[in-house]
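**Q** Dropping the structure in here first, questions after.
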Amino acid sequence: MPPLLLRNRELLLKPSLYRQSTFRFASSHPNFSSSSSKKKNTKMGDRVPDSGRPGRSSSARGRGSDTLDKLSPYRDGCSSASPTVGHRNKSSASPNVGHRNKLSPYRDGCSSASPNVGHRNSSPQTDGPPQRNSSPERLTSSHGANAQETCLEPRPFDICRTVSDGVVRLQKSLLEINREKKREQSVDVHVEHLRPGMILLKRFISYHDQVKIVQICQELGIGEGGFYRPGYRDGAKLNLQMMCLGKNWDPESRLYEDRRLFDGAIPPKIPDEFKKLVEKGLCDSHDFLKRQKKGSYIEELPWMSPDICIVNFYSNSGKLGLHQDRDESIESRQKGLPVVSFSVGDSAWFSYGDGRDVDKAEKVLLESGDVLIFGGESRLIFHGVDSIEPKTAPSNLVEETKLKPGRLNLTFRQY
Ligand SMILES: O=C(O)CCC(=O)C(=O)O
Ligand SMILES: [Fe+2]
């Protein structure tokens with residue numbers, strides 16, 4: 001391990017004096033309050049294998065003020081005249097076509113060229129990688145000696161419900177509607193300083209921006225390079241659906257690459273709107289740290305410009321084992337360039353600590369609209385998602401976007 005990393009790890013072992021230090025952005029009147037969303041050392045349940053996954057101004061302060069209003073064409077190869085989803089999937093000119101059928105061990109579902117007979121029967125909706133077709137299609141494939149197989153081509157994973165899901169929703173009470181309206185309009189961003197280099201911006205992403213995030217991720221997720229259920233080298237599957245933006249992270253090789261190995265898809269670009277929100281989160285965190293006057297804010301939390309975003313969708317049984325995010329470049333890790341994480345949908349219990357010991361990990365509840373940042377000497381903390389709290393997503397968000405039960409998480413990094 002390089003000496004600097006060792007030093008970081010040693011520093012991580014210092015007791016945190018920072019936990020009670022919170023700060024509220026209420027328009028321009030900051031005040032202090034204590035953390036309420038955190039509990040300690042609850043034992044974690046069964047985990048998926050550790051992934052080893054990597055393991056400016058104060059006027060911008062306050063709630064993310066609907067930064068995502070203007071949707072831009074966010075995918076490579078989209079002409080300015082045709083930013084629509086419909087065009088994105090017309091892949092006749094796509095360089096990916098030739099690669100699409102090279103299946104990886106972690107690809108479930110069928111393809112006409114599929115050599116993976118063993119995986120064929122997994123649920124296409126939950127396990128399959130995205131395909132170009134939006135509806136399932138019967139395919140006949142030949143696997144080995146005279147084996148003739150017919151199966152359904154997996155549909156791309158859609159984080160939102162379709163009408164045919166047939167979910168009947170009950171009428172909301174007036175009280176519920178008013179509470180939600182209040183929540184939507186709230187500008188009560190609240191900052192928690194969890195430990196050196198680790199900041200939680202509660203309720204940072206406005207309701208409007210949360211809706212946009214879901215909509216954009218839904219569109220990207222059903223297109224080329226969209227959601228699939230990844231697995232590790234040993235064949236174990238992650239308990240989530242994943243899509244990468246900017247660069248592809250491969251859990252098997254633990255490398256970042258320009259194309260996805262199993263289907264050759266080029267990851268969509270990170271939408272500029274997402275980058276703006278990341279920038280704003282870092283600015284507001286710096287403003288907070290400046291007010292603390294505990295040392296150099298830029299040393300505690302270095303600046304970063306994301307070129308990678310890993311989008312995870314956890315169903316209610318989803319989880320992610322304790323791991324470090326350390327597959328980014330050595331420079332990025334040594335400089336402590338932060339990971340910035342957005343949470344949307346159902347809440348999650350997030351664990352973090354200095355080692356792999358789940359019992360010693362701290363726990364914090366990440367709710368819809370929260371932004372968690374860990375950089376500097378916290379860059380290499382062990383962290384993971386213990387559990388998802390069902391039915392905790394804002395019901396107006398679920399209603400408006402048709403987001404499926406579960407949690408959307410976006411982690412931004414600089415390679
Ligand atoms: O879902 C989360 O909050 C954490 C995700 C994460 O750690 C990762 O994608 O590396
Ligand atoms: Fe991570």
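We count from 1, first residue shown onward.
Backbone N, Cα and C define each Cβ position, glycine as well.
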**Q** Looking at TrEMBL, which one out of His286, His383 binds Fe cation in the same site as His323, Asp325?
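**A** Of His286, His383, His383 joins His323, Asp325 in the Fe cation site that TrEMBL records.
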**Q** DSSP on the domain 'Fe2OG dioxygenase' (305-415): how many residues come out helix, how many strand, how many coil?
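**A** The composition, in the requested order, is 18 helix, 51 strand, 42 coil.
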**Q** Across all chains shown, how many C-beta atoms besides its own are within 10 angstroms of the C-beta of His383 (Fe cation binding site)?
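**A** So the Cβ neighbour count for His383 (Fe cation binding site) comes to 26.
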**Q** CB neighbours of His323 (Fe cation binding site) within 10 A?
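**A** That number is 20.
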